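Here's what Swiss-Prot has on this protein:
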type	residues	note
BINDING	Asp246, Asp257, Glu423	Mn(2+) 2 binding site
BINDING	Asp257, His339, Glu384, Glu423	Mn(2+) 1 binding site
Amino acid sequence: MESLASLYKNHIATLQERTRDALARFKLDALLIHSGELFNVFLDDHPYPFKVNPQFKAWVPVTQVPNCWLLVDGVNKPKLWFYLPVDYWHNVEPLPNSFWTEDVEVIALPKADGIGSLLPAARGNIGYIGPVPERALQLGIEASNINPKGVIDYLHYYRSFKTEYELACMREAQKMAVNGHRAAEEAFRSGMSEFDINIAYLTATGHRDTDVPYSNIVALNEHAAVLHYTKLDHQAPEEMRSFLLDAGAEYNGYAADLTRTWSAKSDNDYAQLVKDVNDEQLALIATMKAGVSYVDYHIQFHQRIAKLLRKHQIITDMSEEAMVENDLTGPFMPHGIGHPLGLQVHDVAGFMQDDSGTHLAAPAKYPYLRCTRILQPGMVLTIEPGIYFIESLLAPWREGQFSKHFNWQKIEALKPFGGIRIEDNVVIHENNVENMTRDLKLA
């Protein structure tokens, strides 16, 4: 495999080209990209966990250091002022010397407020991208050039097309997440609580709870019906029925986002339903290709959901077409089939149809779908179908003309299992789709 250093060199060349184009289009001289700052908890003296500006970590794999600055103009070597204070209260990261530092000019910044004297004197035509607009104003950046929408839309659109460096980082993140999922399944099988399963996951991935790209969803039994369940019970339930784990990892700022669901027993209806959702998810991925709208795959999976609802006699006496047409599949899969993935878990530009930021909303019938793009080579997306038994979504169907088609007895029997979600991360290539998750043999 090509070294990360050579992949990074090409990555920087791509970012430089995008920057030149953006600066020319919006008549700017350079971009000043801020890693961010620490923000204290209200009325307290300690900060919230630091989360770096995604536009900053697109350039350099520096994810834990606030008060850093990048100056890029698309021509000259990117200039990084790296925050390096004299501080005996807190850990101070050393000046970087890694695979990427040959391609970036790295300069120590001893004082957070010292950046002003180091920037070019003429700043009226520099754009600021970062989370602290007031800092940009203090530096003399024009208000109209602070997080300029056109520039950000342009950069976001092209972030959809991953460089080979980015794909290499995402494959490494996959490896970490797969290790975590295997450790978590083992913890579940041994009867651990959600809290302890989460600890097992973090240990296996080498992450702290604040390092994972999103809060781990560690859901036993009926908790799997809460789509973003993050409570983490300390006590294991008396009876283990099911386990849904939606948890990722991060490598050089790039995310993995995987979900698996396990049944405690292998010989019940729920276990068969888990197997069937998994099979249908793989079957859908096998049909994916460049040039097709992501929306089409979402709609196709509702047809697959209908097939499973019929097979398992959860919905009866109704054709699969009628189920989808009348949205009887909706309460069972209330979220989208997935989303773009990259520097952010819900990566940017899912609705953007061009580099001017033209927005195409999700279909009215499926408002929670996070992507309406035509799939193109270089895109990375999640494919994460599910079937859930959520009373608040099922309740409206208990009355009315369609109620008789719901096998309420079967639904009540499945509700204690919560739900099912299976999620892989896929790369769209010119002539094939790469399933980064299954390539690592995660069942």
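Including glycine, each Cβ sits where the backbone N, Cα and C put it.
Projection of Swiss-Prot feature records onto the structure.
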residue : record                : DSSP class
Asp246  : Mn(2+) 2 binding site : strand
Asp257  : Mn(2+) 2 binding site : strand
His339  : Mn(2+) 1 binding site : coil
Glu384  : Mn(2+) 1 binding site : coil
Glu423  : Mn(2+) 2 binding site : strand
Alpha-carbon distance [Asp257 (Mn(2+) 2 binding site); Glu384 (Mn(2+) 1 binding site)] in Å: 10
Alpha-carbon distance [His339 (Mn(2+) 1 binding site); Glu423 (Mn(2+) 2 binding site)] in Å: 11
Asp246 (Mn(2+) 2 binding site), number of other Cβ atoms within 10 Å: 25
For His339 (Mn(2+) 1 binding site): intrachain residues, at least 6 apart, with Cβ closer than 8 Å: Val345, His346, Asp347, Gly350, Arg370, Cys371, Leu381, Thr382
CB contacts for Asp257 (Mn(2+) 2 binding site) [other CB atoms within 10 A, all chains]: 27
